[in-house]
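First comes the structure, then the notes that go with it.
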Ligand SMILES: [Zn+2]
């Protein structure tokens, strides 16, 4: 049995001292030694011979604020055969994350305070990552009746984001009511943009490749029509709307349009929509099925530019574990979704930093600071500075490794990057002074949680 903390506050910060030796904050300047005391950064220029209860060798690598992912699926409760809060937290720690937001499409649906609190407490008891539950917008994800945003927001889990992700809140009147309600509670609505009447039976991006293969196509307009509609609703009713996994050129244009008008809309992009395209359909491998589908090269180019320009605010993985029986089957029967937590940083760094398009400060912005601003999460996404919580990630910017689903901490293996070579790797992760990942391997859970 798990021993739950007594209060709804965060799990304990580490007590004592931790010295992270030889790291370069944001990859800038000379390497320094970072001293952490009782979970807080105490000194950014400690002497090399400083004594500490625990010492981590940073190896001259890059020090970033702990990464934050506002879109994951940890599958608990209900599908613990594919992922649990424990295995998902370990995957997060190995990916450099110190906080994740886990979506509401669990079984039962995360639509009540009691379920939100059980997820939150369990994440804290495991202690490898702060696991923030996302509440559903509608009861049972049925799209008909709103959940009690206020009760979930005021619960111990302090739910800050609501989403029916996996499904779209397609009824415009329900979405309008949700936006009005969210405004009063000051919570974020995250929309999975998919007009279901345009995607019935669709399994792949509607384009040349799906047509050749005889696969039913998922048109861009199915996504963009909802982005446009929700921009207009946010304009008129003032709630904060966040676009999950933007995947098309048109979505980028619509978010640009909304932001230019001061509409409170933000957007995320997944690593897979930045680098993979629908040419992968020829493999017929179910691991490439995802929702929204992999698009075309010019979509990926537009998404990368939009992330650099700040039109798209942040990276979120949409980490979606599935069992092999759900993926190793006919393409149209494969469940949509891909693992993402353990490859995200490598993809972003390899695509943007190693190519000279961006620097580590920018990585900290799109993978840590901006996600926290969007969700209004305190304690994470903070600058690396004395007095700040020690939520930190050490990254090796020059380390070649090969992705392997079997080697990942996630309980599932559905990575689309199997066998792919990456050149950036997370070395250590620290959560409020606790070492949650050391030399690329997640630490043991704080309590004996079920695996
Ligand atoms: Zn989604």
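The backbone N, Cα and C atoms fix where each Cβ goes, and this holds for glycine too.
Residues or ranges marked as active site in TrEMBL: 318. Here residue 318 (active site) comes close to 71, 72, 73, 244, 245, 270, 272, 290, 337, 338, 340: these same-chain residues lie at least six apart in sequence, with C-beta atoms under 8 angstroms from its C-beta.
Within 10 Å of the C-beta atom of residue 71 (Zn(2+) 1 binding site) sit 28 other C-beta atoms, taking all shown protein chains into account. Annotated Zn(2+) 1 binding site per TrEMBL: 71, 73, 165, 318, in sequence order.
In this structure, residue 291 (substrate binding site) belongs to neither helix nor strand by DSSP; it is coil. Look at TrEMBL and you will find 73, 74, 75, 105, 291, 322, 336, 337 tagged as substrate binding site.
The annotation Zn(2+) 2 binding site is assigned in TrEMBL to 165, 192, 245. There are 23 other Cβ atoms within 10 Å of the Cβ belonging to residue 245 (Zn(2+) 2 binding site).
Residue density at residue 336 (substrate binding site): 19 other Cβ atoms are found within 10 A of its Cβ, drawing on all protein chains shown. Sequence-distant neighbours of residue 105 (substrate binding site): residues of the same chain at least 6 apart with a C-beta under 8 Å from its C-beta are 73, 136, 141, 164, 165, 166, 167. A distance of 17 Å separates the Cα atom of residue 75 (substrate binding site) from that of residue 192 (Zn(2+) 2 binding site). Taking only the Cα positions, the spacing between residue 336 (substrate binding site) and residue 192 (Zn(2+) 2 binding site) is 13 angstrom. In three-state terms derived from DSSP, residue 71 (Zn(2+) 1 binding site) belongs to an extended strand segment. In sequence order, 166, 194, 218, 336, 337 make up the list of same-chain residues 6 or more apart from residue 291 (substrate binding site) whose Cβ falls under 8 Å from its Cβ.
In this structure, 165, 192 are the binding-site residues from 165, 192, 322 whose C-beta falls under 6 Å of some atom of ligand 1. Taking the C-alpha positions, the distance from residue 192 (Zn(2+) 2 binding site) to residue 322 (substrate binding site) comes to 19 Å.
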